Amino acid sequence: MIIKPRVRGFICVTTHPAGCAASVREQIAYVAGRGPIERGPKKVLVIGASTGYGLAARIAAAFGAGAATLGVFFERAPLDAKPGTAGWYNSAAFHDEAAALGLYAASINGDAFSDEIKQKTIDAIKRDLGQVDLVVYSVAAPRRTHPKTGITHQSTLKPIGQAVRLRGIDTDNEAIKETLLQPATPDEIAGTVAVMGGEDWRMWIDALDAAGVLADGAKTTAFTYLGEKVTHDIYWNGSIGEAKKDLDRTVLALRDKLAARGGDARVSVLKAVVTQASSAIPMMPLYLSLLFKVMKARGTHEGCIEQVDGLFRDSLYGAPPHVDAEGRLRADRLELDPAVQAQVLELWDRVTDDNLYALTDFAGYKTEFLRLFGFEIDGVDYDAHVDPNIRIPNLIE
């Protein structure tokens, strides 16, 4: 079948298997082109391994450090003429490329929040790897069913204390719009912390540790985004910010636990990039379009793979690591360059429907969005027929 992009709001409802595979190969080539990661990990678990930063971490570990990788994700398989999700095709391509180099790769498809998937993961580690020396936590989900209570919590993107009016782009109509977000209720804040805070990360590390599958000296990191002044009302000062503060509290206990055996736990702060999650946030398409414009002009623009490869080389396995006052690893330094943020702020209120393409890189934003789903990838023939029914080798379901 021939597959073309069909976008509805902040979701592309089609995915291109060959495009996803080509995107994975591009990322692998970038990491391989930078040479081996010195003193890198050898047996890695990535929770949330199929797209974005989690996929980039799996690629960096495997093709930068030669690591065996076990990935956990929740993706939809293709069914007859209906394509699977992009994360499914990304993971299939990763497995193929790893196998070509003789690298171990296995994946588990299911709800990472559940006890069942944690146990399946532990069983796979015991059977195939013995122990892991790095655990990457990169889960982005709108809801979480708590494994102990059975309650399903929802995350909410809202300010706290007062309503906030945000500028943004109506991406369907390519027009500037303002959105009024009402403040979160206490229950909404608690739900957001339950989904996006540190509890599930702690549950993973506790379960892995109790099962004896964490190696001495093992490290763990959870990915987060903090941003600067433009995004603070909705991130750090909003309901999501409360979840991020919970992550900061959680990491202290994890660090103490792992340090007793020579290990470490860190929150890693990464730059803003186009993801399915960020595209749904009212202000982010405008912020990203301006950020791309400014950073590309300065030659400092980076995507997921550049960010995570740099994090591995410069901080996780480099010395001295780039650490802030709270002990977080910072890979977002170029985004937060005061000159970059000043330019973004200066342009923020000047953008109109008429100058959207002139003042911002909205065209680049749209391209990056489609690339998430396997479209707009160089060298892919989108007029050719492709088979959507691709399986993932060594998949545990």
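Residue positions begin at 1 at the first shown residue.
Using N, Cα and C of the backbone, Cβ positions are placed for all residues, glycine too.
Record features (Swiss-Prot):
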type	residues	note
ACT_SITE	Tyr235	active site, proton donor
BINDING	48-53, 74-75, 111-112, 139-140, Lys244, 273-275	NAD(+) binding site
BINDING	Tyr225	substrate binding site
SITE	Glu75	site 'Plays an important role in discriminating NADH against NADPH'
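DSSP assigns Gly52 (NAD(+) binding site) to a helix in the three-state reduction. In this structure, of the recorded positions Phe74, Tyr225, Tyr235, the smallest number of CB atoms within 10 A of the CB marks Phe74.
Cβ crowding, taken as the number of other Cβ atoms within 10 Å, peaks at Glu75 among the recorded positions Glu75, Asp111.
Here the binding-site residues are Val139, Val274, and the one whose Cβ sees the fewest other Cβ atoms within 10 Å is Val139. Long-range neighbours of Gly52 (NAD(+) binding site) (same chain, six or more residues apart, CB within less than 8 Å of its CB): Ser138, Ala140, Val273, Thr275, Cys304, Leu372. Nearest by CA distance to Gly48 (NAD(+) binding site), out of the recorded positions Glu75, Tyr225, Tyr235, is Glu75. Long-range Cβ contacts of Lys244 (NAD(+) binding site) within its own chain (separation 6+, distance under 8 Å): Met196, Gly197, Thr224, Leu226, Tyr235, Trp236.
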